Each structure stands twice: as structure tokens, then as C-alpha cells.
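*Asks:* Let me give you the structure first, and then I'll get to my questions.
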Amino acid sequence: MLRFDILSTFPEMFDSPFSCSLLKKAQDKGLIEIRLHNIRDYTEDRHRMTDDAPYGGGGGMLMKVEPVDKALRCIEADRDHIPVVLLTPQGQVFNQEVAEELSKHSRIVLICGHYEGVDERIRVRLANREISIGDYVLTGGELSAMVLVDSVSRLVPGVLGNVDSAAFDSFSSGLLEYPQYTRPSEYRGWKVPEVLLSGNHKTIDSWRRKEALKRTWLRRPDLIEKMVLSEEDRKLLCEVIQVDSEVNNC
């Protein structure tokens with residue numbers, strides 16, 4: 001089982017996404033456990049303040065170090081043995097490779113930043129890892145935590161009903177996912193590719209691989225550059241590039 005401990009000043013934000021669909025089923029099966037911790041519960045003033053003005057001046061408020069430290073000590077989050085992740089725009093960009101690495105742990109702690117930022121001592125003294133879900137600004141780390149929990153949970157054995165589902169998701173193979181179709185085979189003149197109706201699984205597998213290479217090359221060529229392509233992949237990709245060149249030259 002993989003346990004997530006999420007520290008947030010707004011834990012109620014997680015009620016809906018964690019109480020339905022795949023994540024709810026995974027929790028019901030005992031495959032993952034999600035514990036929410038309200039950072040305000042670890043404050044000592046009557047207003048339960050988790051933020052304060054920055055030393056030296058400047059706009060905005062910063063998350064205070066004391067309540068975060070107390071929360072981590074209360075839940076026994078030992079940064080020497082488990083990932084204690086600060087969700088921040090300054091962190092390592094989250095991707096499938098990071099998700100796969102995190103899924104191998106039995107416990108992950110997520111600290112959701114908020115306000116203008118966090119006291120630097122949270123970053124340096126309490127967290128042992130920083131992760132960002134992209135180069136854009138969000139109100140807080142809660143949305144980032146939802147993304148991370150969902151992505152990592154899918155990789156926990158037993159969470160997905162079909163063992164092949166995770167393996168064929170976009171990015172799991174380093175490529176974007178190939179096109180997929182379901183019934184009916186024709187609708188308003190829009191037909192499913194004949195190869196998928198042929199029943200020839202070898203041909204279908206080759207078509208899917210070629211389409212995945214094509215989609216990745218057209219939309220995310222940077223992913224192709226990172227891959228170690230097999231001879232068959234190179235052959236299929238050459239066919240894709242040749243066809244695309246002919247179309248563009250017409």
C-alpha cells in the first residue's frame with residue numbers, strides 16, 4: 001500500500017477528487033491511503049495563522065515554518081527515509097518518469113505551499129524534494145498535489161483494472177498514445193481504420209506503434225529525441241516523415 005500524507009491550509013479542496021472514480025476505488029481496496037492534515041491545527045494563536053509578512057518587506061504573505069514543522073513531527077515524517085515533497089513552481093518538473101520513481105515508495109508526504117510562497121526554512125530544513133507540475137502560477141499547491149496523487153496512484157499495482165492500461169498510457173513508453181476507437185465502426189461516415197477491424201494482432205500492434213511515433217513526432221518531437229529507438233521504430237518513423245514531407249510539398 002502507498003500512503004500519501006498531504007499538508008494543506010485548505011484540506012477541504014481535496015474532498016471531491018479523492019472521493020470518486022479511480023482514487024476512491026483504490027482507497028476502498030486498500031491499495032492507497034490518503035491522509036489530509038490541516039496545517040492550521042498546528043498553530044498556537046487564536047486566529048490559527050499559517051502565514052506572515054516577509055522580513056525585509058515585499059508584497060504578499062509567506063507560509064510560516066513553525067506549523068509545518070510541528071505537523072511533520074506529529075505525523076512522524078522522517079525526511080531521511082521518505083520523500084517529503086514541497087510543491088512549488090521552483091521544483092523539478094513533474095513527468096511520467098518522476099511518477100514512476102515515486103510510486104516505488106510506501107509513503108509520500110506532500111507540503112502544499114500557499115500565499116506568496118513559503119519561509120525558506122521549509123524548503124531547506126523540512127522538505128527533501130521540490131516538485132512543480134508546470135511553468136505557470138497556481139493559487140496554491142493543492143491542485144499540484146491532486147495531479148501528483150492521481151498520476152502516482154495509477155502506477156500502484158492493482159489500482160488499474162487492466163494491467164496493460166498504465167503501460168500503454170501516453171508517456172509510459174516515452175511516446176504519446178496511439179489513436180483509439182470503439183463501437184460503432186462507422187458513424188456519420190467517420191470510419192474506424194480497417195486495420196483495427198482485421199483481427200490481425202501483429203498488424204494492429206505495428207499500426208499502433210507507427211501511429212504513436214507519428215503523433216509524438218508531430219506534437220512532441222522533444223520526446224523522440226530522448227528515446228532510444230529500435231531498428232523497427234526507426235523504419236516506421238522514416239515512413240512517417242516521408243509521408244509528411246510528401247504532403248507538405250504538395
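Note: Cβ is positioned from N, Cα and C throughout, glycine not excepted.
Copying in the features that Swiss-Prot gives for the protein in this structure:
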| type | residues | note |
| --- | --- | --- |
| BINDING | G113, I133, G134, D135, Y136, V137, L138 | S-adenosyl-L-methionine binding site |
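How about a rundown of where these features are and what they're close to?
*Replies:* For L138 (S-adenosyl-L-methionine binding site), the same-chain residues lying six or more positions away in sequence with a CB closer than 8 A to its CB are S144.
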*Asks:* Beyond G113, I133, G134, D135, Y136, V137, L138, what residues of that chain have CB atoms within 8 A of the centre of the S-adenosyl-L-methionine site's CB atoms?
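*Replies:* My list of surrounding residues reads P89, S132, S144.
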*Asks:* Tally every other Cβ atom lying within 10 Å of the Cβ atom of V137 (S-adenosyl-L-methionine binding site).
*Replies:* 6
*Asks:* Which Cβ among the binding-site residues (G113, G134) has the fewest C-beta neighbours inside 10 Å?
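*Replies:* G134, out of the binding-site residues G113, G134, has the fewest neighbouring Cβ atoms within 10 Å.
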*Asks:* In sequence order, which same-chain residues at least six apart have a C-beta under 8 angstroms from D135 (S-adenosyl-L-methionine binding site)?
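*Replies:* P89, V93 - these are the non-local Cβ neighbours of D135 (S-adenosyl-L-methionine binding site), listed in sequence order.
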